[in-house]
Amino acid sequence: MSTRTPSSSSSRLMLTIGLCFLVALMEGLDLQAAGIAAGGIAQAFALDKMQMGWIFSAGILGLLPGALVGGMLADRYGRKRILIGSVALFGLFSLATAIAWDFPSLVFARLMTGVGLGAALPNLIALTSEAAGPRFRGTAVSLMYCGVPIGAALAATLGFAGANLAWQTVFWVGGVVPLILVPLLMRWLPESAVFAGEKQSAPPLRALFAPETATATLLLWLCYFFTLLVVYMLINWLPLLLVEQGFQPSQAAGVMFALQMGAASGTLMLGALMDKLRPVTMSLLIYSGMLASLLALGTVSSFNGMLLAGFVAGLFATGGQSVLYALAPLFYSSQIRATGVGTAVAVGRLGAMSGPLLAGKMLALGTGTVGVMAASAPGILVAGLAVFILMSRRSRIQPCADA
């Protein structure tokens, strides 16, 4: 029986959200860093578009095993312990990115950075959702996840305000700050009360396909894959696409800043609306907004118009992604929650890895920006349908509502 008072529970929740927000902030900065530094990296290492696609995808490839293994280890050894190790890992390899000396070393540094980033996210979600409990879980996860687009906006600010800085600058920031956070997390981050109160064993992956969770697992995987395909294509390729459309690098960084501000706004707005709107309305809002914004990004020619298109793209693309992160913990019990979230994130990372590679291939074939954006439309429609079914069925397929 819990002995925590309401005030102590509230303090624990706020401390957890605050510290996890800071980690999410640095995760967002590092995820955006390669896109912001792309021009400098390509020039410094004389890389073509396909090679840059591999730079982008190496980091995303690392996210996949990181999310899968990080979630499983967290259900066995604790969310806090694995999160701290993850933060140390992506901080160290962000620094390694800044001192890379050739293409292979750069790819390896981005790969290992991705492993750390991937392992961190399911633990951020699990810690926050379990500290909040069922009633405030969606809101708490949305507040925490706001750190990701805000961190990405900070990276864009470095690109916009520091156009004359070395390309390594964003990676120095993305490495030093996480390493400073490590001792703070060790001292102040509470372990999940749900995890601490249970005897843990490594959950088998087949537990995700038990009768009460199989439908949710498959639907989550489907919508994660296609939504993250679009999000990471935008994060990695949009700055270079804008420059090819005739915008200045500083203007491209400004559009990325607008995109991430839209993402932060969408994370809060869509998270708050998740339990208030009908499923069909929510699904139509998110995915029709994504389609419209991609069309605008491929066709708008004015800088002000592109700023607006970037903001709307962030609002619905990353905002929609945050809704998925808030939804996922609802469908799994505490014994398999980090594993369930981690595997969904890992499948999403497959989409995230595919997006930059697909865009690079299409650009190499000469399809241009419009072709890249148009190719994303079928995936958005599939993801929208999966989210609609998932949200419609969640009251029937949610196995439990533990804290």
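Glycine is treated like the rest: Cβ placed from N, Cα and C.
Swiss-Prot has this to say about the protein:
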| type | residues | note |
| --- | --- | --- |
| TOPO_DOM | 1-16 | topological domain 'Cytoplasmic' |
| TRANSMEM | 17-37 | transmembrane segment |
| TOPO_DOM | 38-53 | topological domain 'Periplasmic' |
| TRANSMEM | 54-74 | transmembrane segment |
| TOPO_DOM | 75-81 | topological domain 'Cytoplasmic' |
| TRANSMEM | 82-102 | transmembrane segment |
| TRANSMEM | 106-126 | transmembrane segment |
| TOPO_DOM | 127-142 | topological domain 'Cytoplasmic' |
| TRANSMEM | 143-163 | transmembrane segment |
| TRANSMEM | 165-185 | transmembrane segment |
| TOPO_DOM | 186-217 | topological domain 'Cytoplasmic' |
| TRANSMEM | 218-238 | transmembrane segment |
| TOPO_DOM | 239-253 | topological domain 'Periplasmic' |
| TRANSMEM | 254-274 | transmembrane segment |
| TOPO_DOM | 275-279 | topological domain 'Cytoplasmic' |
| TRANSMEM | 280-300 | transmembrane segment |
| TOPO_DOM | 301-306 | topological domain 'Periplasmic' |
| TRANSMEM | 307-327 | transmembrane segment |
| TOPO_DOM | 328-339 | topological domain 'Cytoplasmic' |
| TRANSMEM | 340-360 | transmembrane segment |
| TOPO_DOM | 361-369 | topological domain 'Periplasmic' |
| TRANSMEM | 370-390 | transmembrane segment |
| TOPO_DOM | 391-403 | topological domain 'Cytoplasmic' |
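Counting Cβ pairs under 8 Å to the transmembrane segment (17-37), the top-ranked stretch among 143-163, 165-185, 280-300, 307-327 is 143-163. Contact between the transmembrane segment (82-102) and the transmembrane segment (54-74) is supported: at least 3 Cβ pairs lie under 8 Å, counting only residues 6 or more apart in sequence. Remote same-chain residues near the transmembrane segment (307-327) are listed as 121, 125, 137-138, 141-142, 145-146, 148-149, 220, 223-224, 227-228, 230-231, 234, 238, 254-256, 258-267, 269-271, 274, 282, 285-287, 289-290, 292-294, 296-297, 300, 341, 344, 348, 387, 390-391, 394 (criterion: CB distance under 8 Å, separation of at least six residues from the stretch ends). Taking residue pairs at least 6 apart in sequence, the transmembrane segment (143-163) and the transmembrane segment (340-360) share fewer than three C-beta contacts under 8 angstroms. For the topological domain 'Periplasmic' (239-253), the DSSP-based tally of helix, strand and coil residues reads 11 helix, 0 strand, 4 coil.
Each residue of the topological domain 'Cytoplasmic' (75-81) gets a DSSP state, and the totals for helix, strand and coil are 6 helix, 0 strand, 1 coil. Below 8 angstroms of C-beta separation, residues 35-36, 38-39, 52, 156-157, 159-160, 163, 297, 301, 303, 306, 369, 372 of the same chain, each at least six residues beyond the ends of the topological domain 'Periplasmic' (239-253), sit close to that stretch.
Long-range Cβ contacts of the topological domain 'Periplasmic' (361-369) within its own chain (Cβ-Cβ under 8 Å, at least 6 residues beyond either end) map to 49-50, 53, 237, 241, 244-245, 297-298, 375. Contact counts against the transmembrane segment (370-390), taken as Cβ pairs under 8 Å, peak for 218-238 among the stretches 106-126, 143-163, 165-185, 218-238, 254-274. Helix, strand and coil residue tallies for the topological domain 'Periplasmic' (361-369), in that order: 6 helix, 0 strand, 3 coil [DSSP].
Helix, strand and coil counts from DSSP across the topological domain 'Cytoplasmic' (127-142) read 12 helix, 0 strand, 4 coil.
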